[in-house]
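Chemist: Grabbed the feature section from Swiss-Prot, which reads as follows:
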- C238-C240: disulfide bond (DISULFID)
- C271-C274: disulfide bond (DISULFID)
Amino acid sequence: MINKLYIATDSTESFRFNIVDSTDLVQSVRDIHNTSATASAALGRLSTMAAIMSHELKNESHNITLNLQGNGQGGMLISTVNGRGEVKSYVSHPEVDLPTKSNKKLDVGSFVGNEGLLTVIKDFKLKEPYIGQTSLVSGEIAEDFSNYFYQSDQRPTVVALGVLVDTDLSIKSAGGLFIQALPGFDESLIDKLESDINKFPPISSLFVTHDDPFDILNQYFSDFDLKLLGQKEVQYLCDCNRDRVERSLISLGKETLTELIEEDGKAELVCDFCNKKYNFSKEELMELRDNI
């Protein structure tokens, strides 16, 4: 299923508003990785953030990778999006679940951890990718990205991410909101924006009752006279293929491939992002080795 990212600005072009209903995308995360409730919330939030950031990609071959490496029980979380709006994600320990917090919310902060690094890699196919890194603030992900954007862009930024997991572990709703001041923004509008944000309910709950994300923006930020700049389709789709896996095997070198042939006589590689299995016979491994 395909979701849509909506990109808007206000009448004074002081702020960019991005909003996405990522329910179907996060359901794919759940289905592929068989995540626990807490893991679904954590990886779902990160995947939603990747979808939101896809608006920066003007070329289909460009991509952004988000990496959370905290001290929590979930281990490493990764989400990558390309210029086509295709998101793929991974978590080290999808099976880990944690007790809910006292407010009955899923404990994403403990799953990720509040000590560690958030890394953003933007590959625009230049000589070197851009790599930005900040320390984790809470592990709740939205706060960590708000801090990242404040540190990297030096502009006021609001990030809201939410995943509502049903009792059967399916994804009831998921979505994200991103608001950032644009260069030369009207500072007199900050107080009004903060007032509207304080009235904003939990983002995931809104997509239970609203079908159109842009309607949500217009409802809660009506004073800003928003205009829609564009829409972008986003979905969970892994771009792995056999050729790429073959190149990975070749990169091991002749010696390692020879050991693999002699000891196992075959190989099975599993994609971390979609769990697709690639099997290679002894003859296929020998052919790869002989072509090095």
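A Cβ is built for glycine as well, from the same backbone N, Cα and C atoms used for every other residue.
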Chemist: How many Å separate the Cα atoms of C271 (disulfide bond) and C240 (disulfide bond)?
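Modeler: Between the alpha carbons of C271 (disulfide bond) and C240 (disulfide bond) there are 7 Å.
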Chemist: CB neighbours of C274 (disulfide bond) within 10 A?
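Modeler: Result for C274 (disulfide bond): 18 neighbouring Cβ atoms inside 10 Å.
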Chemist: In angstrom units, rounded to an integer, how far apart are the Cα atoms of C240 (disulfide bond) and C274 (disulfide bond)?
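Modeler: So the Cα of C274 (disulfide bond) lies 8 Å away from that of C240 (disulfide bond).
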Chemist: Do you know offhand how many angstrom separate C274 (disulfide bond) and C238 (disulfide bond) by C-alpha?
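Modeler: Cα-Cα distance, C274 (disulfide bond) to C238 (disulfide bond): 6 Å.
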Chemist: Which residues of the same chain, at least 6 positions away in sequence, have a Cβ lying under 8 Å from the Cβ of C238 (disulfide bond)?
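Modeler: Those within reach of C238 (disulfide bond), by Cβ under 8 Å and sequence separation of 6 or more, are E86, K88, C271, F273, C274, K276.
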